[in-house]
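Quick one: this structure, given as structure tokens, is what I'll be asking you about.
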Amino acid sequence: MPRQGVSPGQGRPRSGREQGPDRSLGAPSLRLLWMSLAMALALSDSLVLWVPAGAHPLPAKGYPTKSSRIAPQLREAFGWWNLTCPACKALFTAIDFGLRKEPSVAWVGSVAIKLCKLLKIAPPAVCQSAVQLFEDDMVEVWTRSVLSPSEACGLLLGSSCGHWDIFSSWNISLPTVPKPFPQPPKPPAPGAPVSRVLFLTDLHWDHDYLEGTDPDCENPLCCRRDSGLPPASRPGAGYWGEYSKCDLPLRTLESLLSGLGPAGPFDMVYWTGDIPAHNVWHQSRQDQLRALTTVTALVKKFLGPVPVYPAVGNHESTPVNGFPPPFIEGNQSSRWLYEAMAKAWEPWLPAEALHTLRIGGFYALSPRPGLRLISLNMNFCSRENFWLLINSTDPAGQLQWLVGELQAAEDRGDKVHIIGHIPPGHCLKSWSWNYYRIVNRYENTLAGQFFGHTHVDEFEVFYDEETLSRPLSVAFLAPSATTYISLNPGYRVYQIDGNYSGSSHVVLDHETYILNLTQANEPGATPHWQLLYKARETYGLPNALPAAWHDLVYRMRSDMRLFQTFWFLYHKGHPPSEPCGTPCRLATLCAQLSARSDSPALCRHLVPDASAPDVQSLWPRPLFC
């Protein structure tokens, strides 16, 4: 049932307790624990992608990137292994009381830096910069959060000492209007208009990219002015980009946009964010706004009158992933970012869209008769958005707003496209399951879903909630423009049922284009953006409807040659050297069926026999990009 009585300015009451205005997250030690965990997750954005085994072979220089590895080290470092449950609760209760009288953000930051270095979360200079960047927002969040000493001890000592469940379940409300009988879209008549939609995502412009620098430096992001020179035995960063943990110089983005001609013309552009580079430990608001305005100007220059519809990525803010809900006001709010976006994107968006963009980073508009476009701020579903520790229940009321938009579209007989950055299968569980429920309810209205964030080429299939067997929608996850990590630069073009009365507005096919870096970086060469593949032709699809993608997954389970083709294209034509064995293959295929976070039942049919690994063990880790 929907939660009642939670005002947007309060932390979410849990376990029957009321939140006091001065409840802190507890001791400096506990704040430090949380800061270290959050920094580990943030820095993992730039250290290594969390993907099925073998997807990205780059080592992380020995620096741990998974929070599951950090917590035991923290317990050992602080000697908490020998702490009993009653003593733990008494300790945190006492220091919680004392901290109300004399909080010390500076002390927390100082010790967090030392801990970051001790645990080798990142190189020392990165530890220093990251803590200084994150500490004010982190302490504000933890102070507003409702984590109790009992829950903290449950985290540190195990569930027998306390139940730690910050992100407990919740439900949005659906209208009482009965769901219409499912009506799968019909193929368009021969000769019907077809629209071409350019899709850009994860551009990640690195202002400090420098040709010839070390692509395998110790920092989380390389090929930069501070990366140093590589050993004489290894080449430095290429002119147009590099197969390593590097982002793109501006000239490569200019080349992409200026070389779009053969892929066009385009009716419109969907652009789903992540504009700045992965140097997340050392970014200012000025840096982020420079990236926003510079790249937006570049898009306007090369695309001219073609309408562009953007979505907000997780890297647009600083600290990275930090998107407070609208009830956070003052200097720590996201107003500085949303206002800049509204100003930069005003030529593309109507007043109604700019209004909600300024409030919460999401909007809706009608790009053509019969089609409604909804741009979601997927940071409000993000596992890494530390502001959601205050209240993760439908932040900004975005999902309830989405339901209203979809119901209005259904009433009008319009179709809807949804764009966003983080895919729904990578979201917090309750948000993801609510979104899945919404997609189920409005399957007749929802004609397309388009996301990015993972940097690779994949998709997520949605099924009916009753049986989890009837494919009813598909979210397309397009590959990144950036090379991060060890990929060719790329972009996507969707062919959509066109602009005419009665159009289904569904995806008919898609094409992926890349820049082959090996060829582009050869002496005297010029960049040539080329078609990598067409989906229906390459995979032998009868159409691009959900059932066709469902069938493709099961064909790839038994057809190794077909899967190897998918694996090659998944990495934009530059797969890792390590082969993708059976566990890797099943995990990768499972991810294509997993539009609902933490739902192993979606993959139960992939297990070929009783001796295969348990379905739960196949569940792929999310990519945090």
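Glycine is treated like the rest: Cβ placed from N, Cα and C.
Nobody curates TrEMBL annotations by hand; they come from automatic prediction.
Per TrEMBL, the feature region 'Disordered' maps to 1-24. Annotated domain 'Saposin B-type' per TrEMBL: 81-165, in sequence order. Summarising the annotation, TrEMBL assigns disulfide bond to Cys85-Cys161, Cys88-Cys153, Cys116-Cys127, Cys217-Cys222, Cys223-Cys246, Cys381-Cys427, Cys580-Cys584, Cys590-Cys603. The Zn(2+) 1 binding site annotation in TrEMBL covers Asp202, His204, Asp274, His455. If you look up TrEMBL, you'll see Asp274, Asn314, His421, His453 marked as Zn(2+) 2 binding site.
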For Cys217 (disulfide bond), write down the residues of its own chain that are at least 6 apart in sequence and whose Cβ falls under 8 Å from its Cβ; none is a fine answer.
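Once residues fewer than 6 apart are set aside, Cys217 (disulfide bond) is near Arg224, Ser227, Gly228.
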Of Cys153, Cys223, Cys381, which disulfide-bonded residues are close to Cys161 (disulfide bond), meaning a Cα within 10 Å of its Cα?
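Qualifying among Cys153, Cys223, Cys381: Cys153.
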Nearest of the binding-site residues to Cys584 (disulfide bond) by CA-CA distance, picking from Asp202, His204, His453?
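Nearest by Cα distance to Cys584 (disulfide bond): His453.
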Can you tell which of Cys153, Cys590 has the most other C-beta atoms within 10 Å, given these are the disulfide-bonded residues?
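The residue with the most neighbouring Cβ atoms within 10 Å is Cys153.
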When you put Asp202 (Zn(2+) 1 binding site) at the centre and draw a 10 Å sphere around its Cα, which of the recorded positions Cys85, Cys127, Cys223, Cys381, His421 have their Cα inside it?
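The recorded positions close to Asp202 (Zn(2+) 1 binding site) (Cα within 10 Å), listed in sequence order, are His421.
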Using Cα coordinates, what distance in whole Å links Asn314 (Zn(2+) 2 binding site) and Asp274 (Zn(2+) 1 binding site)?
6
Out of Cys116, Cys223, Cys427, give those disulfide-bonded residues positioned within 10 angstroms of His421 (Zn(2+) 2 binding site), comparing C-alpha atoms, in sequence order.
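Close disulfide-bonded residues: none.
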Out of Cys88, Cys116, Cys127, which of the disulfide-bonded residues is least crowded by other Cβ atoms within 10 Å?
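Counting other Cβ atoms within 10 Å of each of the disulfide-bonded residues Cys88, Cys116, Cys127, the minimum falls on Cys88.
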Cβ distance under 8 Å to His204 (Zn(2+) 1 binding site), same chain, sequence separation 6 or more: which residues?
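His204 (Zn(2+) 1 binding site) has long-range Cβ partners Asp247, Leu248, Asp274, Ile275, Pro276, Ala277, His278, His315, Ser480, Ala481, Thr482, Tyr484.
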Round to a whole number and give the Cα-to-Cα distance in Å for the pair His455 (Zn(2+) 1 binding site) and Cys590 (disulfide bond).
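So the alpha carbons of His455 (Zn(2+) 1 binding site) and Cys590 (disulfide bond) sit roughly 18 Å from each other.
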